[in-house]
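Below is one structure, written out as structure tokens; comments come after it.
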Amino acid sequence: MTEETMNADVSGPVGILMAVGVSFVAGLGYLLALTFSIQDLDRVLKSPTASPITQIFLDSVGETGALLLLVILLLAQFFCGSASVTANSRMIYAFSRDGAMPGSKYLHRIHPTLKSPVWGVWLSCFVSGLLGLLYLADSAAFSAITSIATIGLYISYGLPTLCRITYARNSFEPGPISLGRFSIPIGTIACTWIVIITILFVLPGASPVTSSNMNYTVVIVAAAAIYIFGNWYLNARHWFKGPVSNIDLEDNDKDFEAGSLDKEVVTVEASGGDRVEEKMEIK
């Protein structure tokens, strides 16, 4: 999504840092408030509501206050879901624009009025709805799917970080915002943490392990990894050429040699299909 922002090489890293910082402060405050609000641990663990958080609210502020706090949590989850759909549909658009998804010619289309990838949004909502229906069939499968959401997020950050500290260790060109000489040690710590947390998330949550309480996340993650890497080495790497350029240089008057003009018109096609002309220095 950073490609749709101004000054993306700065706004992207700043957005990530702000998201982590704000989430840390708000999340820590929320967890501390919950922890210090526990009045009877046994009652919280054995709550008839089947929700420890709900029981903490009831013990602390009563039924009316608990209802208000639960509504706030419900709204937070709604906006979180909306943000997830936005991010997911935007990734569907980006991959389909680059021809990397089945039905790409439809999924990357931008609605002329809404200026959004409507088909990508509908696909995101439809698949999410199907995953939600899994809970009606098997709660263990639903738990595995929801665990994958967390693990997948870690892996999506971990893979480029791993490439940075290994394959591109010497060839990487830092942008305006960089960790400098701390990049390698911090990247190593991050990758180590991702490995540890991924292992923890695929472990069974109860003992002894049975078919009903088994954590099937490891099976799904392994199957997805085998499919993705297998498809890449056997198929996609032979035809996928990388991101499609959205910038066209146009010589409005005549052909010119590099260095003969100080500025030239650059026509940029935005994600919404609009074309914007700007003056750009040619060096």
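Glycine residues also receive a Cβ, built from the backbone N, Cα and C atoms like all the rest.
Listed features, source TrEMBL:
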- 12-38: transmembrane segment (TRANSMEM)
- 66-87: transmembrane segment (TRANSMEM)
- 118-136: transmembrane segment (TRANSMEM)
- 142-162: transmembrane segment (TRANSMEM)
- 182-203: transmembrane segment (TRANSMEM)
- 215-234: transmembrane segment (TRANSMEM)
- Taking residues 6+ outside the transmembrane segment (215-234), which of them lie with a CB under 8 Å of any CB in it? 140-141, 143-145, 147-148, 151, 201-205
- Tertiary contacts of the transmembrane segment (66-87), as residues 6+ beyond its ends and Cβ separation under 8 Å: 1, 53-54, 57-58, 60, 121, 124-125, 128
- Long-range Cβ contacts under 8 Å made by the transmembrane segment (182-203), restricted to residues 6 or more beyond its ends, are 147, 150-151, 154-155, 157-158, 161-162, 164-165, 169, 174, 215, 217-218, 221
